[in-house]
Amino acid sequence: DIVLTQSPASLAVSLGQRATISCRASKSVSAFGYSYMHWYQQKPGQPPKLLIYLASNLESGVPARFSGSGSGTDFTLNIHPVEEEDAVTYYCQHSRELPPTFGGGTKLEIK
């Protein structure tokens, strides 16, 4: 299985500043011109919500302050400017092969 390692596990950012979350895969999740890495946001008591698909594509309805980048094994989620409602947990997930796996999560806090 492909292991996804997220960092940091928790992050405190001031309102209006930038939050950067990293995800490293144990092997490449890129193939055929695509990077099969996705980012989710999970609020307490709710299922994960897709934010970014195929590394850098913004899901419909997601604010443009969210962006994704990366290829191969290293990926980044950026949130800028951070808003109060963004203080939840974020996960990366790959779909390069079965089974799809998730990173361990990053909890974003506002300071």
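Heads up, the Cβ atoms here are built off N, Cα and C, so glycines get one too.
Over in Swiss-Prot, the protein carries these features:
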type	residues	note
DISULFID	CYS23-CYS92	disulfide bond
REGION	1-23	region 'Framework-1'
REGION	24-38	region 'Complementarity-determining-1'
REGION	39-53	region 'Framework-2'
REGION	54-60	region 'Complementarity-determining-2'
REGION	61-92	region 'Framework-3'
REGION	93-101	region 'Complementarity-determining-3'
REGION	102-111	region 'Framework-4'
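Per-stretch counts of Cβ pairs under 8 Å to the region 'Framework-4' (102-111) identify 1-23 as the leading one among 1-23, 39-53, 61-92.
Among 39-53, 61-92, 93-101, 61-92 has the largest number of CB pairs under 8 A with the region 'Framework-1' (1-23). Sequence-distant neighbours of the region 'Complementarity-determining-3' (93-101) (same chain, 6+ residues past either end, Cβ-Cβ under 8 Å): 1-4, 25, 28-31, 36-40. Here the region 'Framework-2' (39-53) has, by DSSP, the following mix of helix, strand and coil residues: 0 helix, 9 strand, 6 coil. Each residue in the region 'Framework-4' (102-111) gets a DSSP state, and the totals come to 0 helix, 6 strand, 4 coil. Within the chain carrying the region 'Framework-3' (61-92), a Cβ under 8 angstroms from the stretch's Cβ atoms is held by residues 4, 6, 13-30, 35, 37-44, 48, 50-52, 55, 102-103, 105-110, all 6 or more beyond its ends.
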